[in-house]
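Per TrEMBL, the features are as follows:
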ACT_SITE  Cys110  active site
ACT_SITE  His254  active site
ACT_SITE  Asn284  active site
DOMAIN    104-184  domain 'Beta-ketoacyl-[acyl-carrier-protein] synthase III N-terminal'
DOMAIN    238-326  domain 'Beta-ketoacyl-[acyl-carrier-protein] synthase III C-terminal'
REGION    255-259  region 'ACP-binding'
Amino acid sequence: MSAVVCGLGGWLPPTIVTNEELCDRLDTTPEWIRSRTGIIERRVVSSGTATSDLAVEAGRRALRSAGFSTVGAVVLATTSPDRLCPASGPEVATRLGLVETPAFDVDSACSGFVYGLATGVGLISAGVSDSVLLIGAEAFSTLVNPADRTTATVFGDGAGALVLRRGRPDEPGSLDAFDLGADGEHSDLLAIPAGGSRQRSATGLGHGDEADWYLHMAGRAVYQQAVARMRDSTRRVLERTGCSASDVDVLAGHQANIRILEALAERLGLPGDRIVSNIDRVGNTLAASIPLLLDTATNGNLIPGDRVLITAFGAGLSWGSTLLTWPDLFVQPVDLSAEEETT
Ligand code: UT7
């Protein structure tokens with residue numbers, strides 16, 4: 001028994017923030033952001049909009065793509081849940097009409113979607129669920145310090161979702177081989193210090209530096225870790241599947257920085273044209289990055305039969321990779337240049 005991808009959908013909040021707009025309030029230039037990251041614009045939620053709102057839109061599109069009205073479980077990968085407690089997954093499931101369906105969150109930052117995929121495959125393989133809706137959604141702009149040029153230029157909001165169903169290992173879309181890893185030794189390189197039990201128990205509610213309530217990122221160190229971890233992780237997945245880099249048609253890597261993906265492709269011996277990217281339009285959307293990328297890549301860059309190498313890296317530190325043959329799906333990809341209508 002295997003788990004097979006059978007539906008895909010994405011959604012972006014309508015508000016676009018360009019590099020030029022950021023430069024009005026930050027000590028940076030549009031050219032610095034574009035040349036050092038590949039990002040030209042990103043989407044952000046408007047006041048009052050939360051991660052679950054984005055997740056519901058993407059989830060609805062993925063269910064439609066699969067032709068499903070029910071699923072056996074909902075997994076929400078997010079690092080920006082609506083509230084610290086409870087998890088946002090149950091509310092998302094209910095709003096999708098998935099009554100009393102098991103639902104929970106996976107918090108693994110930018111690797112969250114790959115961790116969620118492995119979780120979904122596990123639920124199906126163990127016979128717990130016959131299908132899973134996996135959503136990666138983030139309103140992470142709410143956790144980014146608007147005065148910090150290292151992070152405010154990089155992160156954006158969005159959501160993407162996949163539906164998995166029980167299937168055969170030899171079917172296109174089958175997910176079998178994963179490599180997952182984590183290294184808590186370097187957890188401080190990417191962290192939001194306040195808000196959890198550590199700072200509350202030490203200083204009480206609301207104390208400490210306001211900047212501690214936002215993401216801190218040691219950009220250069222994270223960059224180096226990202227390239228090395230994704231290189232090793234993808235190599236392990238290729239080895240496990242008996243494939244080599246020349247078998248890979250598409251490198252669908254976490255969209256953190258186009259230079260990271262170029263460095264990764266070079267280290268794997270993959271030509272640069274195998275990289276698919278939408279970072280110029282959406283920036284780094286953490287757990288939403290991979291499904292949003294797959295969704296927009298179906299607009300001509302990803303065709304049934306392609307061997308797709310998926311890899312992600314993020315806070316934790318954490319990383320994960322998998323390889324699959326792209327299935328024939330009915331997808332209506334998000335229009336990166338237009339405002340989406342909610343449904
Ligand atoms: O999502 C998963 C985890 N995240 C990532 O994988 C992100 C990894 N990191 C990066 O993508 C890059 O490190 C950044 C885009 C964040 C920064 O780019 P960089 O080329 O690594 O720059 P840097 O951190 O080495 O800084 C070089 C210089 C510094 O100035 P000095 O010390 O040389 O005078 C920074 O202060 O660039 C400066 N700098 C900026 N300058 C203009 C940093 N951010 C900016 C900025 N505009 N936005």
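The backbone N, Cα and C atoms fix where each Cβ goes, glycine too.
The active-site residues examined here are His254, Asn284; by Cβ neighbour count within 10 Å, the least packed of them is Asn284. Per DSSP, the domain 'Beta-ketoacyl-[acyl-carrier-protein] synthase III C-terminal' (238-326) is made up of 37 helix, 22 strand, 30 coil.
Remark: secondary structure over the domain 'Beta-ketoacyl-[acyl-carrier-protein] synthase III N-terminal' (104-184) totals 26 helix, 29 strand, 26 coil, with classes taken from DSSP.
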